[in-house]
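A.B. asks: Supplied in structure tokens, the structure appears directly below.
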Amino acid sequence: MKPLAAPANHGVLGQQEKQSLPADFTKLHLTDSLHPQVTHVSSSHSGCSITSDSGSSSLSDIYQATESEAGDMDLSGLPETAVDSEDDDDEEDIERASDPLMSRDIVRDCLEKDPIDRTDDDIEQLLEFMHQLPAFANMTMSVRRELCAVMVFAVVERAGTIVLNDGEELDSWSVILNGSVEVTYPDGKAEILCMGNSFGVSPTMDKEYMKGVMRTKVDDCQFVCIAQQDYCRILNQVEKNMQKVEEEGEIVMVKEHRELDRTGTRKGHIVIKGTSERLTMHLVEEHSVVDPTFIEDFLLTYRTFLSSPMEVGKKLLEWFNDPSLRDKVTRVVLLWVNNHFNDFEGDPAMTRFLEEFENNLEREKMGGHLRLLNIACAAKAKRRSMTLTKPSREAPLPFILLGGSEKGFGIFVDSVDSSSKATEAGLKRGDQILEVNGQNFENIQLSKAMEILRNNTHLSITVKTNLFVFKELLTRLSEEKRNGAPHLPKIGDIKKASRYSIPDLAVDVEQVIGLEKVNKKSKANTVGGRNKLKKILDKTRISILPQKPYNDIGIGQSQDDSIVGLRQTKHIPAALPVSGTLSSSNPDLLQSHHRILDFSTTPDLPDQVLRVFKADQQSRYIMISKDTTAKEVVIQAIREFAVTATPEQYSLCEVSVTPEGVIKQRRLPDQLSKLADRIQLSGRYYLKNNMETETLCSDEDAQELLRESQISLLQLSTVEVATQLSMRNFELFRNIEPTEYIDDLFKLKSKTSCANLKKFEEVINQETFWVASEILRETNQLKRMKIIKHFIKIALHCRECKNFNSMFAIISGLNLAPVARLRTTWEKLPNKYEKLFQDLQDLFDPSRNMAKYRNVLSGQNLQPPVIPLFPVIKKDLTFLHEGNDSKVDGLVNFEKLRMIAKEIRHVGRMASVNMDPALMFRTRKKKWRSLGSLSQGSANATVLDVAQTGGHKKRVRRSSFLNAKKLYEDAQMARKVKQYLSNLELEMDEESLQTLSLQCEPATSTLPKNPADRKPVKSETSPVAPRAGPQQKAQPQQPLAPPQPSHKVSQGLQVPAVSLYPSRKKVPVKDLPPFGINSPQALKKILSLSEEGSLERHRKQAEDTISNASSQLSSPPTSPQSSPRKGYALALSGTVDNFSDSGHSEISSRSSIVSNSSFDSVPVSLHDERRQRHSVSIVESNLGVGRMERRTLMEPDQYSLGSYAPVSESRGLYAAATVISSPSTEELSHDQGDRASLDAADSGRGSWTSCSSGSHDNIQTIQHQRSWETLPFGHTHFDYSGDATGIWASGGHMDQIMFSDHSTKYNRQNQSRESLEQAQSRASWASSTGYWGEDSEGDTGTIKRRGGKDVSTEAESSSMVPVTTEEAKPVPMPAHIAVTPSTTKGLIARKEGRYREPPPTPPGYVGIPIADFPEGPCHPARKPPDYNVALQRSRMVARPTEAPAPGQTPPAATASRPGSKPQWHKPSDADPRLAPFQPQGFAGAEEDEDEQVSAV
């Protein structure tokens, strides 16, 4: 087993290492004081607030808060701006991610436990993870569970390690959890095994031997191993546990004995496979405790092996006649109706089955069951819309209606002509008509309803099956016939005008759903009672919110009357003015029950506001509910305007302005409801006097309306956009029937044809292209950056709404190539958002089967509603389907169907909210402190957010009467967002997007935007490899260019080469013991390898922690787009680490100087404080290449940050290499200096300058201001005669001579402003002395001599190797240095041409040492190695104890020998080119074996 990481002794990552982190988690940005310099900053102000758990509440907390505290809230007008202002943007919107994105890797924790310590929960976690792997396909659950209980976890650190040799004895069965291995067979053939594949023994105790040699292909390969003995025992045990059911000599069913836990209490037989007939019969047999979901699983999946549901239906009707089976049959039917009512709706045969079953229940006097069945039908029935046309108004209606508000019912269809269009449209007996042509029919007199239906030739009707109440209506009518007197409501009368639209009383759930039909005399809409209630309400100001909205109702318990609120209670007058529930026996009463179960309708609370105008343009705000009619609004408006006339003289008119400027005016029907939802942004409601014909809206007002209705994304609140996206997504998500997943997966033909599923599937593409379209259509660069920033904030709010689908779509949109290439736009984005973006996309790191995302999803505090990432759902289901056979031995593989059903149930639970989703997504506003905007059409949306104080909920009293204007503005913003989203014009064609992208930023270079994280462009020679961190991206290689030299300058901006997996130290292959040296057995081999890796880790704690400092900044190799575009967000602590915008791995934030046409600045002040011991500089004056070497030792407590020198230290050594390029000095010509500056300017992504904010737009200016003015030695003479190494080794003596004043100046500056932008722009001057060569090879970065010979100096391999000597012939130099800015502008013309900067050398593309390089032209055929190979090579770390002698050069793993292993290269002493430096050596080369030395 892989031991846990040793406790950190540096105090920075100790928190993290208490438990071993998985490979990909250690790459997350941890906020545990990674940078001591920013430890005083609260998490709310740190750059990475998304990972800070500063006590901010998760949605579930807020939800609970709303439940318990709703009654205490005071809602008096609280200030809130409708749109996020720039000021709060950075402060508030971003700082309250609901919980950290990083969570523990639970699976890893379980694996690392000793098998005997694993609990049942641990095994369940492992089972959940393992069942998706192909290796476990076709195994039964019990086998998997047993294997999970005994598996041992092993990690092999390094790529290229031999796991098994040919002919070795095998002693385990292993499955790959992460990474891949390659098996090379003796005949030369090779096979690659990747995640989920298995290798090793078969389930027998015979000796087996390895065929071929197995090597790891990548670092950090993870395996689980099961010893041969255990594997054999478990797989052979299966047969013993099997129970076969035979009929007529044939096996018809196979069951397996299972124990679900170790207590022995949950054990029994579970169906594994069987014939379709036998499985159907099992529905009414006894089910064991270990198979509680058989009926649900069967009812969901029968469609995969039965051609028609009637096959089951007929059997059930048959079995119903057997008294012993009757209860079981009834239970099956109730579950069927409750879970899959869509099987019955629209299927005439199944509808007849249901009717026959109801008749059977009535016949057997099973009233309770019948009642439950009717309740389930009513609750599960969905609204259906249909359109009917009549040839003329006089044409008779093709159906007969019953009911009406005078009887206390809705309008019901009693019968339909069988040959009419209505039947074809799907209208049937028992349907309740809810709406006709937009007019609410839930509370209307029958005569009025008939009049509306007769007077229209075009009828758009919304209906819903409601047999439960329809039967109640029929019973009432038959009673009336018998008694001869109509039933009259006893309490009050039904004058509509007396209805108040302000709720009368806070209601308990029982009251909401307790409008039971027991007391049939009651009327919900009473006058006397309501007036009393109104007075009470006015006096007491009781909150309008339910104290516990639906908290006490269990969702899945629909079979119990008391649960659905239909218990026999004394009548409680309806306190809610729900116009649909005007009678206790009204059909929609069921909707109160329905709300608990489904919430497709919402309680009638006045959570909406209308703004009503008069002809003189005065306006008033009127509080209404969703069901308030136009007539009621007129009554309220008359009261608000203090008009004396009667309501009959006035009507409500809608005035709207078309985009062409045409003013339209129409009178609204009195019964029209949902008024707040109907009004357009370009429309207004007017109170119109019917007697007058005045113009309601002048032309000026119309123009203003038109202007208001034109909206752009930047005008919209990011919170509101995220809320509306979430509501829209959630509506689509929860409408998906469980059967649609099955139909889609098994490609079954169904009535619905998976329409809801397809819609939800399309949303992710639409949202992705929306992001790209919005950004690329904006021509202004600054606005483009703001739109990107806006989208990052929207994604963040989607994260808070637990809308992972939209979050992923937005991230994908920002990563689309046409958006990703907008280099200068991304550079303007503030670092904070870069960091947030990286954190957001880090969540979707695909490694280990999306382990991070799955961890968050399975987190304890993630309660519904959740909108999961749909592609992952689809992948999991496809995996289960394709990884397991549907039939085994001719029998239906029910184990497979059970797993699929379980997965679908799990997905369904995410949509099972017991509160209106609009409210759930709505309870978040900035800082949780201001008035929550109320949803358009959401009932309880007035439940407010909770002020957060140190993570504790602060209870605040608020008045229950809301500030209507504030609510209106909120609703108006919601309306704007809705209109914006509904009118989106998407550009779905990637070629068109690319064209738009090129119009925004023409291609000045073929490179991707920031290599640090824009998507790499594929080239023939360099396959794009996964990115390993903020600084590491595959760069396009110039096919014919030899590897480009790369040089380090400073340790100040440089972390010693770090590994990608900090907690797993890499060591050179030569230091590894032979694989399996401790044991001839495979299981122990993998484990021993894993343990040796950890021993290395303990030995190299120092290096390890350095690794951590940098790796914390890197994100997983495969994350969608893994890094900030401008280097590290570490610059927060005042560092200039963000220079390295190159393709070098995060292993060197240090980067190539020559290739980047820039010099790092070297920290010289605070040497003791930073423990920077000394540096060595060698300058190759003949080549014109300045090289500076820095050797550093850092004390343990400084590891994580020591190497990130603060900006204040980095100023001193500017251009030092230019001064001391040899024992004498050389004049820096104007031409060279200026070219250096310009090359840096034009280097695009290759240079450090591209990192600094805004530096690209006016690079010359910056260079002018920063570069030259900061040279304090424009015409200074130096008479220092010591040799160069002496100067550097002296701890910065020369620096102090040269730069003491400027160093202090910058120290002061930096302490006074910690602004990122300034730090970055100041940083840009450090890169201006780039090429020292006479000539620069345009796009390759190869330095040429004047004589035309290429010299490819050795590139850094980002590894810990000793300093090497370089070729440098002493050239006499005048002691005069002239540096003037005068010629900076002279070279601008050359900027776009051949002096464009090349892509920087990717890590691991190691150059050929000068000593090996033949004189003469370069070899065009020489190609770099595969990027992956180079990357792995770049992680080889030389052990400090083996630092070679001063004369040695670093490993010469050259680009032309991709297969070679690192080896020490000993240059020939006789090589004349090395002569000048041979005797000199390095002053401090052997001074301290622990020092980290950078390679050049």
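Every residue, even glycine, has its Cβ placed from backbone N, Cα and C.
Note that the structure is a prediction, hence the values are computed from the model and not measured.
Features from Swiss-Prot:
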BINDING   135-252  nucleoside 3',5'-cyclic phosphate binding site
COMPBIAS  83-94  compositional bias 'Acidic residues'
COMPBIAS  1025-1038  compositional bias 'Low complexity'
COMPBIAS  1110-1124  compositional bias 'Low complexity'
COMPBIAS  1140-1159  compositional bias 'Low complexity'
COMPBIAS  1227-1237  compositional bias 'Basic and acidic residues'
COMPBIAS  1440-1455  compositional bias 'Low complexity'
COMPBIAS  1485-1496  compositional bias 'Acidic residues'
DOMAIN    267-380  domain 'N-terminal Ras-GEF'
DOMAIN    606-692  domain 'Ras-associating'
DOMAIN    717-944  domain 'Ras-GEF'
MOD_RES   Ser501  phosphoserine
MOD_RES   Thr644  phosphothreonine
MOD_RES   Ser806  phosphoserine
MOD_RES   Ser930  phosphoserine
MOD_RES   Ser1022  phosphoserine
MOD_RES   Ser1079  phosphoserine
MOD_RES   Ser1088  phosphoserine
MOD_RES   Ser1094  phosphoserine
MOD_RES   Ser1115  phosphoserine
MOD_RES   Ser1119  phosphoserine
MOD_RES   Ser1158  phosphoserine
MOD_RES   Ser1175  phosphoserine
REGION    40-59  region 'Disordered'
REGION    68-101  region 'Disordered'
REGION    1003-1052  region 'Disordered'
REGION    1093-1127  region 'Disordered'
REGION    1139-1159  region 'Disordered'
REGION    1224-1256  region 'Disordered'
REGION    1304-1369  region 'Disordered'
REGION    1390-1496  region 'Disordered'
A.B. asks: Roughly how many angstrom lie between the C-alpha atoms of Val150 (nucleoside 3',5'-cyclic phosphate binding site) and Ser806 (phosphoserine)?
C.D. replies: 40
A.B. asks: What is the interatomic distance between the Cα atoms of Lys240 (nucleoside 3',5'-cyclic phosphate binding site) and Ser806 (phosphoserine), given in whole Å?
C.D. replies: 49
A.B. asks: With DSSP as the reference, give the number of residues of the domain 'N-terminal Ras-GEF' (267-380) in helix, strand and coil.
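C.D. replies: Here the numbers are 78 helix, 8 strand, 28 coil.
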A.B. asks: Could you break down the residues of the domain 'Ras-associating' (606-692) into DSSP helix, strand and coil, giving a count for each?
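C.D. replies: For the domain 'Ras-associating' (606-692), the helix, strand and coil counts are 19 helix, 33 strand, 35 coil.
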A.B. asks: Counting only residues 6+ away in sequence within the same chain, which have a CB under 8 Å from the CB of Ser180 (nucleoside 3',5'-cyclic phosphate binding site)?
C.D. replies: Ile192, Leu193, Cys194, Met195, Thr216, Lys217, Val218, Cys221
A.B. asks: Inside 10 Å of the Cβ of Thr644 (phosphothreonine), count up the other Cβ atoms and send me the figure.
C.D. replies: 7
A.B. asks: At a 10 Å cut-off from the C-beta of Lys240 (nucleoside 3',5'-cyclic phosphate binding site), count the other C-beta atoms across all protein chains.
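C.D. replies: Other Cβ atoms found within 10 Å: 7.
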A.B. asks: What does DSSP assign Asn165 (nucleoside 3',5'-cyclic phosphate binding site), in three states?
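C.D. replies: DSSP assigns Asn165 (nucleoside 3',5'-cyclic phosphate binding site) to coil.
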A.B. asks: Return the member of Ala135, Asn165, Met210, Cys225 nearest to Thr644 (phosphothreonine) in space, with distance defined Cα to Cα and candidates limited to these binding-site residues.
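C.D. replies: Spatially nearest to Thr644 (phosphothreonine) by Cα position is Ala135.
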A.B. asks: For Ser806 (phosphoserine), which residues in the same chain are close in space, meaning a Cβ under 8 Å from its Cβ, but six or more apart along the sequence?
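C.D. replies: Set apart from Ser806 (phosphoserine) by at least 6 residues yet with Cβ under 8 Å, we have Ala722, Leu725, Ser726, Asn729, Val763, Glu767, Ile794, Ala795, Cys798, Ile867.
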A.B. asks: Over the domain 'Ras-GEF' (717-944), what is the model's average pLDDT?
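C.D. replies: Value for the domain 'Ras-GEF' (717-944), mean pLDDT as a whole number: 87.
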